[in-house]
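Engineer: The structure follows.
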Ligand code: SF4
């Protein structure tokens, strides 16, 4: 099966290791992974800030970049969620509507792809440690991916999964919200950090690097030892 | 007209909220109760999503045919001896009600809970003509004694704890007992009983008006709306023009959604319907009944992309799940409509100028959209507001406009993107210590007040991938 990796600008620049784990995971399950180098950013920073015109040029670039892809898989619920919104955004644009629909229907977040397309439940990995999982908002509410990450994590050998209190609450990232409303944003991150501590987990795991950067940045500032990991880091973990 | 409740700036209000530990504890625990209540009730009713879809359909149908149903309602109310007044603006509604007060030489007006009368500033208008106004909803009464605005649309005194309420009662009404809720409630009941018995006019809000019968319905837990609509001879109901259902059947569905979504109850203690005046041969009902239907900017929303905002049944489920509201409380929104629905509705009723921070007071987490019992896409409407403010109102900061223009150039061209991505680390180099930025420049400054920020990686993913695939390149074209 041919899979085109959608790295997301965030992982491209800040967390390339997440991309490596994603590629290795996909290859482990027999996918042939390519990287369409014309890809940039999904458009979300501009779209969510109200700059529709600016976001659309980014979206068009993405549609061009992945035109020939069979499947598009990315390590972010939020960015893949954005792509899945393209059909709505281009609904009245005869030139791009079809492309938007095509791209949306072949795009998947990595855990969603593993579970729902490849039919994998047990990736066969081992990870020793106490782990709590933060379900990021766009992953669960926009993309609708709730159970897939848990299914995969539950099958990891050695893992001790701890339920995060009020896990569905946003961590406070929210793109430009984190800067425009930084006071509120950091209060939200602090509460999340408290909840992580309550679980006594050593690792906070999530499917969106932006949220992990926010919670992790807060925990680090508080001097906590909890490590943040992208879910692919656990799924691809070998002894 | 203004929905505003304070003259402080947004930043000041947010700070006040965040520093108010009492309020935050009260809000967090109330949110906890409401959320689990709503979830249990939603599960219990089964196929909650089908119910929501039905709720949405009913609201959409009603709004698409609002003219028809308003006329029907108005005819039915008139048939039953009521007077109907359409108020285009807040002032029109207030003037009409002031007139009644003057004609009746009323000294005391008792009200049951109503957000729309808060919206139009009715209490002040009544005081202007010399009437003594008493709020009879427990939460509203507490706030009235304290001269404090509501912070929530269902439980207006949510931000107060029982100790604070005891203090208010003691200071304002000579209360001497403990902060036990039962004792507090009993005291309020005794005090309010006096008010009911001595009032001249009763004013209510309206949860839903039933067009087919001209009935006005109230969904309450305290029973005060029954007192307001039973004792005084003159009764006035004030309703937003969208608060209407075609028949009892739709009412049934919407009330089921409302009580479950609002407070996690299958049904409230009282669901009351009143129909017009006492007609010949009838034994009860008021001598005079007025229905004031308030537009106040609503008809401008009809037919626009924001129409679904008028679907709102004021259950506050969106407020109860909102993590931003959780930390700043209702007053920080500086509108009598706080939380997600307030952030969408306030700029529509009152203009962007007065509420320009509200569309941005959200992380767009979508929790509101997920719970709304009539499926209002609240977070999408917030984005739509932002878009209007950016593209039509041109209200966004110049620097942001420039940054977004830059973003568009960067994200629409892979070569520019690649260069920008590679430059991120060198550009931030002076601030990087041990792969972390503790005090960042520009927009990062705000971020790094309370959080660390990671350094961009030494090598981008695409650079790594290209190297990895050197020996066996796939179809990725070189840049
Ligand atoms: S917007 Fe929806 S959830 Fe919020 S108060 Fe209105 S009906 Fe309830």
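From the backbone N, Cα and C atoms, a Cβ is placed for every residue, glycine too.
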Engineer: For the [4Fe-4S] cluster 1 site that TrEMBL describes with B:312, B:315, B:318, which of these is also annotated: B:365, B:372?
Structural biologist: B:372
Engineer: Among the binding-site residues B:318, B:365, B:368, state which ones have a Cβ less than 8 Å from a Cβ of chain A, giving them in sequence order; state 'none' otherwise.
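Structural biologist: In terms of proximity to chain A, the binding-site residues that count are B:365, given in sequence order.
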Engineer: Between residue B:365 ([4Fe-4S] cluster 2 binding site) and residue B:315 ([4Fe-4S] cluster 1 binding site), what is the CA-CA distance rounded to a whole number of Å?
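Structural biologist: Per the Cα atoms, residue B:365 ([4Fe-4S] cluster 2 binding site) and residue B:315 ([4Fe-4S] cluster 1 binding site) stand 19 Å apart.
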Engineer: Applying a 10 Å Cβ distance cut-off over all chains shown, what neighbour count does residue B:315 ([4Fe-4S] cluster 1 binding site) have?
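Structural biologist: Excluding its own Cβ, the number within 10 Å is 27.
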Engineer: List, in sequence order, the same-chain residues at least six positions removed whose CB sits under 8 Å from that of residue B:318 ([4Fe-4S] cluster 1 binding site)?
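Structural biologist: Looking at Cβ-Cβ distances below 8 Å from residue B:318 ([4Fe-4S] cluster 1 binding site), excluding near sequence neighbours, one finds B:339, B:340, B:341, B:367, B:368, B:369, B:371, B:372, B:376, B:378.
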Engineer: Which of B:312, B:322, B:368, B:372 has the fewest nearby Cβ atoms, counting only those within 10 Å, among these binding-site residues?
Structural biologist: B:312
Engineer: May I have the DSSP-based helix, strand and coil counts for the residues of the domain 'Lactate utilization protein B C-terminal' (B:385-470)?
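Structural biologist: DSSP composition of the domain 'Lactate utilization protein B C-terminal' (B:385-470): 56 helix, 6 strand, 24 coil.
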Engineer: Around the [4Fe-4S] cluster 1 site formed by B:312, B:315, B:318, B:372, which additional residues qualify by having Cβ within 8 Å of the site's Cβ center?
Structural biologist: B:261, B:313, B:314, B:316, B:317, B:340, B:341, B:368, B:371, B:373, B:374, B:376, B:378
